[in-house]
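Down below is the structure, laid out as structure tokens.
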Amino acid sequence: AAYGRRISVRFCSSRMTLDNINRAAVDRIIRVDHAGEYGANRIYAGQMAVLGRTSVGPVIQKMWDQEKDHLKKFNELMVAFRVRPTILMPFWNVVGFALGAGTALLGREGAMACTVAVEESIAHHYNNQIRTLMEEDPEKYEELLQVIKKFRDEELEHHDIGLEHDAELAPAYAILKKVIQAGCSAAIYLSERF
């Protein structure tokens with residue numbers, strides 16, 4: 001309540017309002033997804049800095065453009081639901097760019113291995129969120145579920161694009177993938193909480 005009035009923000013046309021949602025769950029979901037999409041943008045920025053003028057540049061740019069749309073949507077949700085961003089944003093800024101540029105320095109295959117590892121982790125994370133919201137109230141969270149499902153599907157497309165562009169030929173692919181995915185798991189854990 002602000003000055004004795006109740007404030008109610010509606011998420012488009014759904015029944016999801018600030019008054020009737022599980023605030024802790026929604027705050028955690030929006031915060032971590034915002035951080036993840038921000039990190040993905042920084043990864044693609046790093047890849048483009050190294051490989052932007054190569055034959056794979058347009059492929060990376062197309063995926064990056066979709067990630068920019070994802071980030072824009074989560075920026076809107078942060079405002080609509082008054083969710084604070086993670087305090088780790090400056091860290092994800094640097095780490096994301098370094099990861100993108102570092103793997104791109106391994107060549108096209110390294111950049112695509114990074115894409116496969118990150119997007120697989122994010123798709124798994126989105127699936128967990130979908131399950132959580134479905135178990136709580138699929139009708140109440142219908143529009144948020146639609147956003148998450150759409151973005152999950154696009155992340156899986158990026159995963160497949162990475163495989164099509166020889167991700168598995170990257171040096172030490174299996175190890176690289178495991179290390180990146182461990183980093184993604186840590187980033188998710190920290191961004192949900194801080």
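Note: Cβ is positioned from N, Cα and C throughout, glycine not excepted.
Since we're looking at a predicted model, the values are computed, not measured.
Here's what TrEMBL has on this protein:
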BINDING   E37, E67, H70, E155  Fe cation 1 binding site
BINDING   E67, E119, E155, H158  Fe cation 2 binding site
Apart from E37, E67, H70, E155, which residues in this chain have a Cβ no more than 8 Å from the mean position of the Cβ atoms of those residues at the Fe cation 1 site? G36, A40, N41, Q66, D69, L71, I122, F151, E154
Argmin Cα dist to H158 (Fe cation 2 binding site) over the binding-site residues E37, E67, H70 returns E67
Sequence gap of 6 or more, Cβ distance under 8 Å: name the residues on the same chain that satisfy this around E67 (Fe cation 1 binding site), in order along the sequence. E37, A40, N41, Y44
Take the mean position of the Cβ atoms of E67, E119, E155, H158, the recorded Fe cation 2 site. Which other residues of that chain put their Cβ within 8 Å of it? A40, M63, Q66, T115, V118, I122, A123, E154, L156, E157, H159
Could you give the Cα-Cα distance between E155 (Fe cation 1 binding site) and E119 (Fe cation 2 binding site), in whole Å? 5
Given a 10 Å Cβ-Cβ cut-off, pick out the one of the binding-site residues H70, H158 that has the most other Cβ atoms nearby. H158
Within 10 Å of its Cβ, which one of these binding-site residues (E37, E119, E155) has the largest number of other Cβ atoms? E155
